[in-house]
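Sharing a structure with you now.
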């Protein structure tokens, strides 16, 4: 889909991770860079993990032993905050196997100097989580990494046996003890076993790397971030709901207030006109009243269009298909509507409706289209809607505030909006929204 | 003189409409503010005709229209004129595509300003004819896709069809368009021929046209 420009996508479409790479194309995974990245990650993890383990054991051991002296406490504190630079290193190293960077969980410092640094860091949960990660790194991930890298090393040696046999001939080589291999060709069996070993090392390496990524995300990433995103999404949902409620209120106020007043006015004028018609001397006044009534009528028509634009009652009463059919009837460009949808949740119907009206308005204003087609259906629990015109295309989804706003609304419903508008047309707008029912 | 029951939730309009109907020589038996009261009042007082708003309490959706349909399902001969703020054809279609549309009307509220025409439309509904607001018909006629037979109508024929749908008989139609009744008959038969409809009497013609317009089977 090189011709389509996806608008800001909602959360839930992350870049490819190692597990996704395996799941999507298990065989192509072997030929990709992924296994190498995982091996490098695990191997270097082993190289870092054991020194870290050693340092921690020493610091903690001496710390506990010397605690009564006082300096032991300092050693213990040192062991805890040693996790901070290690965390930074590990977050950087994570980039080898994780496309999405893990942000630094630490807050800014409350003052200058080592004392302030120590005070701030020791009070943070992030520091303690990093310490927990540091204790895991050597014994758990280091060991696992060591196992995989060792397996890989043996596999590589086996793969290379024909070359080794050839290099050290005529000395005998024994792949299986007691049975010397006579030449490079016979050593090909070892190559096969080695390749199998590499495949195993690739998959286990990937799974281990994925497990470590998960753990690292949990322990090295900011916890509050997730809460904040959830809170942000919630507040956006609240905003959209409030916005919608406000629209309904304005529509109701106009309907119950100004519209009824205007109808009453035009009724009174109509009665006055009737009375005046009976009086020959008042012909001029009758004409004026008739004009006033005509003006009230125009005002009513304008108000009706305005109210419909704010919130179409037919959408509430008759649903999406009927409301879109009404819009199609009024559209300056012929619109064919093929909407096979039941009544849906109100938020889904409103979003779908405004998507269609926005697309139709754009088609009429910019595209030079001579036909527009609206097609919609519910499959499983997803509503898909496409609006296609035969215009000249070249629409820039980023430019229209209307489309960006729609993308936000669609994202709120955990759906997606895709606009495809190559120069020369056609322009196609597609919405997918989950809906239950 | 008609004995009427009026349902309209706006106090202002209820008073105005009562005055207008009374001045028009009718008797307003009851003027109520909700769909529920409307049904009760009709059951109790057996009016000659009902005039009701679409949007009514308690839900402020299409309660008035639903009440009208309910009343009609109980008594298919009760004339009902629905007043609406919505041009949306879905409401007119919902009202008029029941088993029988005789004695039903769907008018925009704007129309009450044209007092004489409004009273005339009410009279027609009370006499068992069907009245559709010209604005609604205009919307239906304005954008019919090219493959629909309606595209074959001439502008004059569309004009005739619109007036026909608003309940005018041939005589009134001829007067309105400044043509002879014979010309109207000619236009009408041409319309029915183009739409493949049977040219039957008055009210049925409107129904057939409406059913055709709304894409329903006749």
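Including glycine, each Cβ sits where the backbone N, Cα and C put it.
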If you check TrEMBL, which stretch out of A:38-60, A:107-129 is marked transmembrane segment?
A:38-60
Could you count the residues of the domain 'Histidine kinase/HSP90-like ATPase' (A:347-437) that DSSP puts in helix, in strand and in coil?
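Per-class counts: 33 helix, 29 strand, 29 coil.
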Any contact between the transmembrane segment (A:66-89) and the transmembrane segment (A:38-60), i.e. 3 or more CB pairs below 8 Å with pairs at least 6 residues apart?
yes
